[in-house]
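Here's the structure, in structure tokens; my notes come after.
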Amino acid sequence: MTTDEGAKNSRENPTATVAEQGEDVTSKKDRGVLKIVKRVGHGEETPMIGDKVYVHYNGKLSNGKKFDSSHDRNEPFVFSIGKGQVIKAWDIGVATMKKGEICHLLCKPEYAYGATGSLPKIPSNATLFFEIELLDFKGEDLLEDGGIIRRTKRRGEGYSNPNEGARVQIHLEGRCGGRVFDCRDVAFTVGEGEDHDIPIGIDKALEKMQREEQCILHLGPRYGFGEAGKPKFGIEPNAELIYEVTLKSFEKAKESWEMDTKEKLEQAAIVKEKGTLYFKGGKYVQAVIQYGKIVSWLEMEYGLSEKESKASESFLLAAFLNLAMCYLKLREYTKAVECCDKALGLDSANEKGLYRRGEAQLLMNEFESAKGDFEKVLEVNPQNKAARLQIFMCQKKAKEHNERDRRIYANMFKKFAEQDAKEEANKAMSKKTSEGVTNEKLAVSHAVEEEKPEGHV
């Protein structure tokens with residue numbers, strides 16, 4: 001067969017071509033998924049487990065009959081690699097592709113829809129042919145805020161994950177700007193990585209990993225070393241970091257339901273102290289984790305003795321007030337208000353709770369509500385000079401805000417008035433022009449009438 005004949009045969013019967021020439025991309029090498037690259041992609045990276053991929057495809061039965069196409073819907077198909085969202089052949093085949101690549105896949109039934117099929121379009125035990133174009137892929141957004149992107153190099157074992165307070169052993173390698181700044185084995189408690197110069201993003205990611213999982217983590221500044229940077233490692237403020245992490249082993253911390261009240265109160269005292277140390281060091285996210293443990297342990301605790309109840313209420317009040325302060329520092333004002341509300345639910349006249357809620361509401365431009373809270377602070381403690389100053393700030397900010405609104409609305413109304421005047425002028429001009437044309441036509445008409453002969457032939 002000549003080259004031209006081979007190309008013609010490939011176009012006319014691509015299924016046969018893949019069957020004859022396709023590369024076996026299965027781990028078992030059982031020829032269950034065969035692949036031919038039709039257009040080479042760019043770069044060296046291929047999708048990893050958990051990556052979100054964007055593809056266009058055409059799907060045909062082995063007889064050439066089309067059963068599905070993303071092109072017909074005019075939108076790419078999106079799925080996550082290795083999560084069982086698509087047939088096995090796709091999880092295997094698409095994971096071998098580079099961005100921009102177009103390939104042909106031939107998929108045996110055991111890697112497609114098997115004996116069940118997918119009626120009415122795909123019969124039982126059907127071998128399927130796909131043409132797939134990999135448009136793009138990106139890592140898994142762990143917290144759905146873009147701050148931690150995970151790309152899984154090796155799947156972990158089992159289904160259990162470390163929890164907050166779990167003892168973990170990991171290997172990590174940290175990079176910044178292509179430079180390796182940290183590489184070691186380390187054991188620590190999840191939520192306390194900062195004590196070992198490990199950024200909070202690693203703690204957060206570990207709660208979603210399985211034993212022996214190996215992944216690459218892209219950390220934004222919020223989940224890295226933040227505004228402070230890390231001089232010890234030569235990390236500048238607000239740096240983007242890349243870590244490769246392997247979770248070697250872990251021992252889970254006790255869950256709330258596994259602890260009795262006495263143990264919860266003992267642990268509350270310990271984590272309160274840890275939270276305060278983190279707060280004083282400017283590690284507000286880490287402090288939130290510690291204070292949050294107190295809430296998770298004690299907020300829904302019932303059947304306590306009078307002594308236990310007083311201790312629990314004291315810990316909860318301190319936790320909510322401290323959480324509010326952390327959220328103020330983190331500029332998460334809505335959460336700060338919520339924590340103050342809970343603190344004031346325990347002690348309605350709490351000076352710190354009222355003041356911090358007022359601060360949060362002032363920063364949210366809720367001037368009247370903020371002023372009301374600061375006035376309540378003065379009712380509790382008339383000597384609170386800071387609250388008196390904040391009332392003045394509320395009045396000043398409210399006045400500035402109202403004046404700014406008036407200017408904005410005045411400018412808007414001025415523009416509307418100018419626009420209306422312009423439209424009226426255009427209408428008047430149009431009317432005048434129209435009347436002029438009409439008068440001119442009438443004059444011409446009269447002139448023609450005057451020139452007409454008196455009689456007809």
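The backbone N, Cα and C atoms fix where each Cβ goes, glycine too.
Keep in mind that this is a model prediction, so the values were computed, not measured.
Listed in Swiss-Prot:
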COMPBIAS  1-11  compositional bias 'Basic and acidic residues'
COMPBIAS  447-457  compositional bias 'Basic and acidic residues'
DOMAIN    50-138  domain 'PPIase FKBP-type 1'
DOMAIN    165-251  domain 'PPIase FKBP-type 2'
MOD_RES   Met1  N-acetylmethionine
MOD_RES   Lys28  N6-acetyllysine
MOD_RES   Ser445  phosphoserine
REGION    1-27  region 'Disordered'
REGION    423-457  region 'Disordered'
REPEAT    268-301  repeat 'TPR 1'
REPEAT    317-350  repeat 'TPR 2'
REPEAT    351-384  repeat 'TPR 3'
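Confidence annotation: the repeat 'TPR 2' (317-350) carries a mean pLDDT of 98 in the model. Long-range C-beta contacts of the residue listed as 'N6-acetyllysine', restricted to its own chain and to partners at least six residues apart, with a cutoff below 8 Å, are absent. Listed by sequence, the residues of this chain that lie at least six past the ends of the repeat 'TPR 2' (317-350) yet keep a Cβ under 8 A from its Cβ atoms are 268, 272, 275-276, 279, 284-285, 287-288, 291-292, 294-295, 356-357, 359-361, 363-364, 376, 380.
Counting residue by residue with DSSP, the repeat 'TPR 2' (317-350) contains 27 helix, 0 strand, 7 coil.
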